[in-house]
Amino acid sequence: GRRAPIEEIPPKAFKRAPFTKPPFTHDDLRKAIPPHCFQRSIPHSFLYLFYDVAAVFTLYHVATDFIPLLPIPLRYLAWLVYWVAQGCVLVGISEIAHGCGHHSFSDHEWLDDVVGLLLFSPLLIPYFSFQFSHGRHHANMGSIGREEALATKRRDALSQGGERIFQWLRKTPFRLIIIVGGLLFGVQLSLTVGFGGRQYNQISSLLNPWSPIFSRKQRLQVVISDVFLAAALYTYYQIGATQGWEWFLCVYGGPYVVHNALAVMMVSLSHMHPALPRYDADEWDWLRGSLSTVDRDWGVLNHTFHHMPDLHVVHHLFPKMPHYHLQEATHYVRPILGEYYQRDTTSIYKALFREVQCLAFVQKDNDVEHGGVFWFAIDKS
């Protein structure tokens with residue numbers, strides 16, 4: 001029969017999540033989870049970290065020792081394979097740093113902050129700035145107007161010209177351009193100018209201690225993050241000047257780009273889906289907002305990424321839970337969540353092409369009783 005166009009969504013993926021207040025509370029979910037799932041183990045956490053660091057250095061030594069010995073055509077292919085493999089491992093490291101920001105690494109906040117600062121800075125991510133911004137993301141998930149990281153915009157607020165541009169940009173060729181641009185530059189734009197985040201009266205850069213994202217008492221820690229970023233950049237400059245910039249780009253630049261692209265994909269796909277609601281200020285509450293996330297299956301990379309994308313729902317419900325307990329916790333809460341739990345096994349690349357068409361715009365149905373509920377502007381066929 002006729003092959004379905006790539007933007008069509010399987011009927012199951014279109015069954016919208018419930019948007020009314022759930023018949024359970026956050027405390028009900030907590031009580032259903034065994035207490036040990038909330039326990040943070042320093043040896044256990046460091047074991048995952050050492051595994052990732054060992055993988056980074058193993059890939060580095062294999063690449064620098066053996067790839068230069070290959071003939072030219074194979075050498076190019078080998079560098080590409082290295083970039084992808086190393087980029088995936090770096091995502092695992094950044095997820096551990098992300099957990100440090102939630103204080104899910106250990107029972108000691110100072111230790112979490114030291115580890116997170118040392119892990120994020122080489123990836124050119126300001127640790128404390130991310131921690132503060134990401135905390136606001138968790139506190140306001142699902143809220144139109146207050147969501148920090150992946151802000152949604154109301155389609156009905158567009159002018160006629162804006163609507164025409166919206167329809168133009170969501171067409172296939174431009175969708176591909178948006179995807180490529182987002183994967184290549186999304187992290188940098190988010191960090192420097194707050195691209196894709198909540199709208200403020202000024203640029204909301206994570207590098208600026210006086211950004212509206214931060215309170216007065218958080219500014220010193222933002223400065224500390226900036227100092228560590230500057231130290232990382234200076235170190236990279238010295239390495240590039242000594243080893244050669246071609247060597248530096250092959251060893252670090254390629255994996256860095258892959259890491260950033262995967263990070264953008266994970267953030268986007270964990271929070272955008274045709275089945276997920278968004279709420280205005282009158283309708284929103286924290287529990288329903290936290291449930292407006294989706295678990296995605298990344299195959300073998302679920303383990304490499306420490307199960308953050310495929311167990312993201314429970315992470316939003318209990319952000320201080322260590323990643324190595326998320327799978328067990330999900331098992332216990334799924335029967336209670338019922339249809340409030342969302343999981344999609346659509347291939348990652350097909351889902352990305354599908355979800356990006358909404359351009360983070362949401363729209364509401366003609367539902368008078370629930371006028372404060374909105375849905376992503378994704379075509380059903």
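Any Cβ shown, glycine's included, is placed from N, Cα and C.
Note that TrEMBL annotation is computational and uncurated.
Per TrEMBL, these features apply:
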type     : residues : note
TRANSMEM : 46-64    : transmembrane segment
TRANSMEM : 76-98    : transmembrane segment
DOMAIN   : 78-343   : domain 'Fatty acid desaturase'
TRANSMEM : 110-130  : transmembrane segment
TRANSMEM : 176-197  : transmembrane segment
TRANSMEM : 218-239  : transmembrane segment
TRANSMEM : 245-269  : transmembrane segment
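Mean pLDDT for the domain 'Fatty acid desaturase' (78-343) in this predicted model: 96. Counting Cβ pairs under 8 Å to the transmembrane segment (76-98), the stretch among 46-64, 110-130, 218-239, 245-269 with the most such contacts is 245-269. Note on the transmembrane segment (218-239): residues 117, 121-122, 124, 126-130, 132, 206-211, 248, 252 of its chain, located 6 or more positions outside it, place their CB under 8 angstroms from a CB of the stretch.
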